[in-house]
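Scroll down for the structure; my scribbles are underneath it.
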Amino acid sequence: AKCQCKVVPRERTNCGYPGISAAECKRIGCCFNASVPSVPWCYNPKPKKVKKVCPNDPYTRINCGYPGIKPRECTRKGCCFRAHPAGVPWCFYHRVVEE
């Protein structure tokens, strides 16, 4: 993603080798910007920002508890709790999504 390559020149960490081409740099998953001399031109992107969400679709839930688990026990395990609908896990794992 473009925004992951917005790294201030002095904070860039080298990701290639001297003389690497822009195409080769991008092929290995790095960012390339040759506009600033004496800093790495091929550098590591910023880590993706992610957040945990409780999936909305009850039929995609992945069980995180056991039948009859209490809401507090479920959230203590770091999972989502929704006591509806019937026939699907009420205590289930978060999904991680990119922001």
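Just so you know, glycine gets a Cβ as well, placed from its N, Cα and C.
The model shown is predicted, which means the values in this text are computed figures rather than measured ones.
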Of the candidates Cys54, Cys74, the one sharing a disulfide with Cys91 in TrEMBL: Cys74
Cysteine from Cys3, Cys5, Cys42 that TrEMBL links to Cys25 by a disulfide bond: Cys42
Cys15: disulphide-bonded cysteine as recorded in TrEMBL, out of Cys30, Cys31, Cys54: Cys30
Bond partner of Cys64 - disulfide, per TrEMBL - picked from Cys79, Cys80: Cys79
Of the candidates Cys31, Cys80, the one sharing a disulfide with Cys54 in TrEMBL: Cys80
Integer mean pLDDT for the domain 'P-type' (1-46): 93
Structural state census, the domain 'P-type' (52-95) (DSSP three-state): 9 helix, 8 strand, 27 coil
Sparsest Cβ surroundings (other CB atoms within 10 Å) among the disulfide-bonded residues Cys15, Cys30, Cys54, Cys80: Cys54
Sparsest-packed of the listed disulfide-bonded residues (Cys25, Cys64, Cys74, Cys79, Cys91) - C-beta count within 10 angstroms: Cys64
Counts of helix, strand and coil residues, the domain 'P-type' (1-46), according to DSSP: 13 helix, 5 strand, 28 coil
